[in-house]
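A.B. asks: Okay, here's the structure, questions in a sec.
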Amino acid sequence: MTIAGVIAEYNPFHNGHLHHLRETRRASGCDGMAVCLAGNFTQRGEAAVLSKWTRARMALLCGADVVFELPALFAVRTADFFARGGVGVLAGLGCDVLSFGCETDDMALLAKLAALREDEPEEISRETRRRLDAGMSHARARGEAVAAYLGLPAKTLNAPNLALAVEYVRCLRHTATRPLAIRRLGDYHDGTLSHICSATAVRRALAAGEDVSQAVPAACLPLLPAKPRLPLDMAILYRLRQGGLSLPDAGEGLDGLLVRAARESGTLDEAIDCAKSRRYTRARIARAAAHAAAGLTAELAGKYAQPPYTRLLGLRAGAEPVLRELSRRAKLPIVSDPARLRGDECFALECRFTDLWALGAADSAGRRAGQEFTRPFVRVEAARTDM
């Protein structure tokens, strides 16, 4: 049995994701497809618009066979840790293929870029420093330095999904799982709603109360939120003002900078704007703020190079053979009963992220704590065919 894996956020699931799942089945010829899904907070430190259970249901309705969770310890981190965690789960389950969307499907180029991340020549380091001194952000400076080293136009490496794709390929070098790049459709940065558009465009349209049916599979439309979520800004701002932070991936000085910005600002957006700089991007600061609010510390992050477990979030009826095969191959624990994880510090972090996320629910019942223990894994009777 050939099983393909996909690492995703699906925030929310849209037609571009449907295209990717269909192309993954076609290109890999797989017999089963497993999704490793980020939980209730995204890699950028933002609360997801829908719960992980709802997003798992969307994936199962649209072609996935089984959905596992990417623990928050890796899901709400920088691209390299996000990739390491996702690859750790899917390779640890024994997936034969890891499929990802990217602006290029040139695997030779991706392999070359991954090798340069693993062992960076001094020329690239030197040119990156020169561009940093000229005022560029680190991402742009390194991208231009690598492009110059390879003799490529700078815009070739200025693609939003390229960095994560390179990290996937880099992590897969040490596994038996092979990479499969599926060329993306549409423009990630385009905020215009269309048949194939970015998740950002869908979220903006939802927030504005617009009809998103052209961009989202029919099977997923009934699952979209009827009301917008409440902001978590004040809860996060309050925690930042308390100080005493010890954040992972923060870099020297960011802890104190965040505390000062929070104390001098009236909103979380103001605090982030106050703290951001060429060195600290808005996304990095927002992620650090989420870490602070959920209690993710540098000490906890430093204990785990790989996910210690993965949790079963959902299963499509009829896909039990896929789950059985993955269970047979698995080199890490698959957990379906959260009671087994009581006392586990990684799962305790997951609970804190979910309890924080729940505070943003539009209805009071949805704001209750402890949902990690009360929400069962999702079971979908059959994938929809009218998508």
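Each residue, glycine too, has its Cβ placed from N, Cα and C.
Look at TrEMBL and you will find 7-20, Gly101, Asn161, Arg184 tagged as ATP binding site.
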A.B. asks: Given the binding-site residues Tyr10, Phe13, which one has the fewest other C-beta atoms within 10 angstroms of its C-beta?
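C.D. replies: Across Tyr10, Phe13, these binding-site residues, the one with fewest Cβ atoms within 10 Å is Tyr10.
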A.B. asks: Kindly assign Gly16 (ATP binding site) to one of the three DSSP-derived states: helix, strand or coil.
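C.D. replies: Once the DSSP labels are grouped into three classes, Gly16 (ATP binding site) ends up as helix.
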A.B. asks: For a quick check of packing: other C-beta atoms within 10 Å of the C-beta of His19 (ATP binding site), how many?
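C.D. replies: So the Cβ neighbour count for His19 (ATP binding site) comes to 18.
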A.B. asks: Rank the binding-site residues Ile7, Gly16, Asn161 by how many other Cβ atoms lie within 10 Å of each Cβ and give me the one with the fewest.
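C.D. replies: Counting other Cβ atoms within 10 Å of each of the binding-site residues Ile7, Gly16, Asn161, the minimum falls on Asn161.
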